[in-house]
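These notes are about the structure you will find just below.
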Amino acid sequence: KEPAAQAIRKELVAQAARRPNGARVAIEELGKPDSIKVCIRIRPLTAAETRKGEEQVVMCSSQSPETLWLRRPGGRGSEECKPTEHRYDWVLPGSIPQARVHELMGPRIVQGVVNGYHGCVFAYGQTGCGKSFSIFGGVGESRGLLPRMAEELFSELQKARDKHIVRLSYLELYNESPRDLLLPQAANKGTGPDQPPPPPPLEIRQHPKVGTFVEGLTSNVVESAGDVMRLIDFGNKIRVISCTNMNAVSSRSHALVTLNVERVTGGASRLNSKKQRALLHAVDLAGSERMKHSGDNAAQQKEGRNINKSLLALNMMIQQLASKQKHIPYRESKLTYLLAESLMGNCRTVMLACASPVASSFSMTEVTLRFASSVKKIHTTPVKNEEAEGHLIEALYAEIENLKQQLQESEDNKQREIEERLAAARSCCATLDVSWEAEQEKSSQRDRLRGKTLQVLGLSGGSPEGEKRARISDAGDPFLANECSDSLLAGCVKYRLPKGETLRVGSDPSCSVVVSGLGIQPDMC
């Protein structure tokens, strides 16, 4: 094992050395504890804040790129308002471009994933401070961490020239309920032979050999960064439509994107080949200020309670991990259950804390920095996820037979635990014991269904052909677009209105543009 580990380390170091100085990847000892890296990103002042002359309470300097100073508002010069110093792995002022954010954080995660190590980047902070922009971004130079990491991931996989497959899933956690954003049926309530059967509820499960996973979550094969962002765009449309239907507010939900990477290394012979499995998670957490403000109506109060519950549970888990407590109750919230592996297990993790520089947000910035300081104390233990090809499936089938035998012989008080373990093992087998060719065919079928889903709603996109039609119809046609307080989702749903055509808009499925939600009539216009 030792020579193999040294060879892998040597290759990783060589890959790091080929990068520009600013993008070098830190390579830790294999199997050793790895501290979670923390980056603080301060958003720039808005135009309104500049006009009002808002007081800035956050200071950072290029001379000390790991240090941030926070000063209490008002009373400059007093002892009480003396700036406090905070140190992290990186501190980025508002002038730092998206490319630099990726150079510092992305390669460390991507290089690990390519070589069989799970990776996670999660964004935390007050709404409006740039979490979604940092993770997803816009187009061109505004691209965020996820599209840039996807580009680098596929580039590295092509260089390796090993047989590989990459799958994407996109999950929203809303009101403590997981929602599949890539399920074609999610926005299409029609009936007919082409409609897939109603999906079972999503269930979060855990297996010692596989880790935490969501049973029933759609997983789509992707072959490029373009495929990744096309599916993210579909998922964002579903988020907007679901929010409209439920009169919800998008910033009250958590979003989790996962890239599941499998590689076969060691040559064509099955006897010598190894299979590597690694997950890359990108997590956009709900705005942390929701812990205090729950809104006025009953739906908003329910949202507030559930965001409160999940973020409080996350804060509690972080504090317990930072203080090295032995028992961590990570199953108290579905958010902590989903993030448990990334925060306390087999994963290389980076946290991006987004904060505001202005005095009016001082208390939330202080909370964000305190949370980030606790995260910085946590260590994970990344382990290379590699096995002889076929061994994991064989072990799972053997485990299933063993658990079935235990279930027959067990006492009543132990049956539930065994049933849960059996369900997890069966779910793992059902997911893993499928040929790559079958997965690609199923993904193509889902792509076609996603295109139909958006056509029923009067939208473009969801498939490569749909994206092409959308670009063609973009030449001067008027359109309807959604408004949303979340910059990621604002304008992502556009209903094309071709010139010279008569269109009906309303909630009735027969309308040219189908819009559902509070106050929407069957025929609006």
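Using N, Cα and C of the backbone, Cβ positions are placed for all residues, glycine too.
Automatic prediction, not curation, is the source of TrEMBL annotations.
Checking the ranges 29-56, 169-196, 365-392, 393-420 against TrEMBL, the coiled coil annotation falls on 393-420.
Fewest Cβ neighbours within 10 Å among the binding-site residues G125, G128, G130: that distinction goes to G128.
If you look at the coiled coil (393-420), the same-chain residues 6 or more away from its ends with a CB under 8 A from one of its CBs are 205, 209, 426, 428-429, 432-433. Surrounding the centroid of the Cβ atoms of G125, Q126, T127, G128, C129, G130, K131, S132, where the record places ATP, the chain contributes additional residues within 8 Å, namely R43, A123, F133, G287, C354. Look at G125 (ATP binding site): DSSP puts it in a strand.
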